[in-house]
Amino acid sequence: MANHNGLIIDVDVRSRENNSVHRTKEINPQHLIVRRGQSFSVTLQLSTSLPPKHHLELVLHLGRRDEVVIKLQKERGAGDKWWFHQQGAQDEILLTLHSPADAIIGQYRLAVLVMSPDGRILEKMDKTRFHLLFNPWCKDDVVYLPDESQLQEYVMNEDGTIYMGSWDYIRSIPWNYGQFDDDVMDICFEVLDNSKEALRNSKMDTERRSDPVYVGRMITAMVNSNGDRGVLTGRWTEPYSDGVAPYRWTGSVPILRQWSKAGVRAVKYGQCWVFAGVACTMLRCLGIPTRLITNYSSAHDVDGNLSLDFLLDENLRSIDSRDSSWNFHCWVESWMKRDDLPKGNDGWQVLDPTPQELSDGEFCCGPCPVTAIKEGNLAVKYDAPFVFAEVNADITYWMVQKNGQRKKVKVDQSSVGRNISTKSVFGDHREDVTLHYKYPEGSRKEREVFEKAGQPFPKPTNESTEPGQLQLSIKHAQPVFGTDFDVVVEVRINEGGRDAVAQLTMLATAVTYNSLHRGECERQTTTVTVPAHTVHKEMLRLQYDEYARCASEHHLIRMKAFLEAPGENEPIMTMADIPLSTPELHIQIPGRPVAWEPVTAFISFTNPLPVPLRGGVFTVEGSGLLSAAQIHVKGVISPGQKVSEKLSFSPMRSGVRKLLVDFDSDRLKDVKGVATVIVRKNYRNSFSVLPGFY
């Protein structure tokens, strides 16, 4: 920025000092990045003292074409105005700039003007650039969050945990948000610049970026590529051969970088946790406190009647339905004050970037206040009825008979919206937030919420509870993918009932996590005699050779048991989703890692399957440790064979870091591992390798 021909020689943006105070030094210590509502200083170097009666003016430009121009006041005025003051002597002036707490976020260009006594511009230096972000530490910012431990987790933590599996077998995977990695902030603004709103009216879009509601809504629209230049294309069935399978991603950074480097071309492929992970990265990077949420047994209610209707044929095979129930579904919550809504709607807001339904003509969802969902206030913006159904809908199963008539076989009023989960602020364990979204099932408050939401409260069904009726249940251990295992169906008679003879059908199918059926694994129909006061057990053995043929990458088996008995008014059906566990990777990092010095990680994996694995590949990444890399395994991995690989890298940043590893092959996919790495500061190289980066 040096200029040796005029009065202004240079503008020193003091990035190291400013970024440290503004908690942005992790993003880039060499470029000025500050947060709104908080002052920052720059130093003006002059060739000589400012002449008498001359003065300085500061002007800010922002927008893709500098559409927005802001002239700074020279003294403190209203709270919603930029202003500055100066102090100094002779050839050095310290300029302190004050931004309002509702300033527009984005990249600014600062112009310093030397003005004559009569108001003419004598000299201008306008090459200084800086970025302004939301400020959750500022009490006047609408994203202000008063809890420091939450700020450290929901803004500053680059490593996360995403919960998957099923409501009764919750598993987790590590995720690298990497919001402070190189180029990520620039890519976040590039994503916003390519939204439909920005391309349609750049000036209006820029001015609206002061509002986290607007920014959050744009991010949920742009993380998916439906109808715009978005980041990720969704795909829920194989093949994924022309892209990257969703389960292979371990973090957001490679996705964002690939989108940008490819000329804003959508990256293939994502599913709900990938969409949510990328959205969480972007929102944290821009300064909006955000956490990733998993809702188990999540409803996708297309017609908005708060009920999912699923059709089965007489062989218990599913018939296509517009509604769907997902084993789990991920979205994010962002913290913000909602000035556009009545009181009581501040706090956590649901934002869902997975493309499901249109919202105001775009594939986006939210922000929707979590409190509105719990209280049944479905008139508030945005998409409250859809989110309410995701955690509250009933499920009705109908059997379609040969004559076309439907017969109700099961009503499930309590399965949807279970064990809603997020990573705890206090470590790598799960926090249950279900009661943030809904009152306890069957409670008086739940009834009031349904009535307030304009929905009739569902009456309890009497199925399988009247004396003399049969009861049906499914029991299973926790099976491991690659092994044979048994599922037990228990039939019992309620107290007071008599001996019964019934026909029992047991069906096991392979499904994806969002209930797409992949094929039938095993079926068994038998006549059972159930004496009163006893439990009759039937066993169905599932063999690896059978279920492996149709198993999805989610390793999920859906078991249905269907019972018909003379004298029963309706048939009885029960279901259970059985996740198959996979082995873990083993990662060892010996020694005491130091920033910018080589370290070696040792990765090992043992093939648990009775068949050989081909095309094995490890994907490795870690924020502050290394960029995403792949290690291809040579040859075939025989049953029971242990594979060991080593990877050398030099950590780029100190602190507590996570090394994430994923293994995939032709027969076994989505095997994860994570290791915590404590990287010490390198005082010897901290100033010579990269100033301020240690």
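Placed from the backbone N, Cα and C atoms, the Cβ positions cover glycine too.
The active site feature in TrEMBL is assigned to C272 (among others). Long-range C-beta contacts of C272 (active site), restricted to its own chain and to partners at least six residues apart, with a cutoff below 8 Å, comprise W326, F328, H329, C330, W331, T354, N514.
Of all the Cβ atoms in the protein chains shown, 26 others lie within 10 Å of the Cβ of H329 (active site). Marked as active site by TrEMBL: H329 (among others).
Taken from TrEMBL, the feature active site covers D352 (among others).
All chains included, 21 other C-beta atoms sit within 10 angstroms of the C-beta of D394 (Ca(2+) binding site). Among the features that TrEMBL reports, Ca(2+) binding site is placed at N392, D394, E441, E446.
Per TrEMBL, the feature domain 'Transglutaminase-like' maps to 264-355.
Contacts of E441 (Ca(2+) binding site) defined by a Cβ separation under 8 A and a same-chain sequence distance of 6+ are given as S414, in order along the sequence.
The Cβ neighbour count for N392 (Ca(2+) binding site), using a 10 Å radius over every protein chain in view, is 24. Averaged across the domain 'Transglutaminase-like' (264-355), pLDDT in this predicted model comes to 92. Within 10 Å of the C-beta atom of D352 (active site) sit 31 other C-beta atoms, taking all shown protein chains into account. Ranked by Cα separation from D352 (active site), the binding-site residues N392, D394, E446 are led by N392.
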